[in-house]
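Taken verbatim from Swiss-Prot:
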type	residues	note
DISULFID	Cys53-Cys67	disulfide bond
DISULFID	Cys55-Cys63	disulfide bond
REGION	29-48	region 'Disordered'
REGION	110-124	region 'Endothelin-like'
SIGNAL	1-25	signal peptide
Amino acid sequence: MDYFPMIFALLFVAFQGAPEAAVLGTELSTGAESGGERPVPTTPWRPRRSKRCSCSSLMDKECVYFCHLDIIWVNTPEHVVPYGLGSPSRSKRSLKDFFPTKATVHRKRCQCASQTDKKCQNFCQAGKELKDQDSMEKAWDNRKRGKDCPKLGEKCLQQQLVVGRKTRRLETISNSIKTSFRVAKLKAQLYRDKKVIYSRAH
């Protein structure tokens, strides 16, 4: 059996399919066509993440769940975590973002991508109002506690520390419960919307 034609064909295919040769060939052909000018290199296309709004803090899980539409939420034994937040494309920031003024200290919970999206506007505004209300309640509680202390002295301060720890723990628990209820509500609403769209399609 003669293997020479098969080996020759394989070598021919290997040398013709070499990437260096192919690249060199394209460079020569484009150079000849354009008269020696180099072609402008094109940047690779990057898919943009679909965002309804951008949160002021990624620690606010409810806001992240509401705003980032393409995040897959993964259930872990401890908590629900977002998957797919890595390197979201964002516009360049101005110097105002790096040096916040007094006017921007009380900013919204999030910033909507579309100004006509009423649901988003309500969500971002409601979050800001809730935060303001919580901070006002905390300040009022602290003021009430401070009135009783001058009478009792050191014992009062120790009691305040214990009460402060307990209240912080209770606040953390209540906040996590509120967040989980809100997330469950949003998930149920999302599921209902998908069901309606699916039933209309079929």
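Each Cβ is built from the backbone N, Cα and C atoms, and glycine gets one as well.
Just so it is clear, the model here is predicted, and its values are computed rather than measured.
The Cβ of Cys67 (disulfide bond) has Lys51, Arg52, Cys53, Ser54, Cys55, Cys110, Cys120 as same-chain neighbours under 8 Å, each 6 or more residues away in sequence. Here the region 'Endothelin-like' (110-124) returns a mean pLDDT of 87 for the predicted model. Neighbour count (other Cβ atoms within 10 Å of the Cβ, all protein chains): 22 for Cys55 (disulfide bond).
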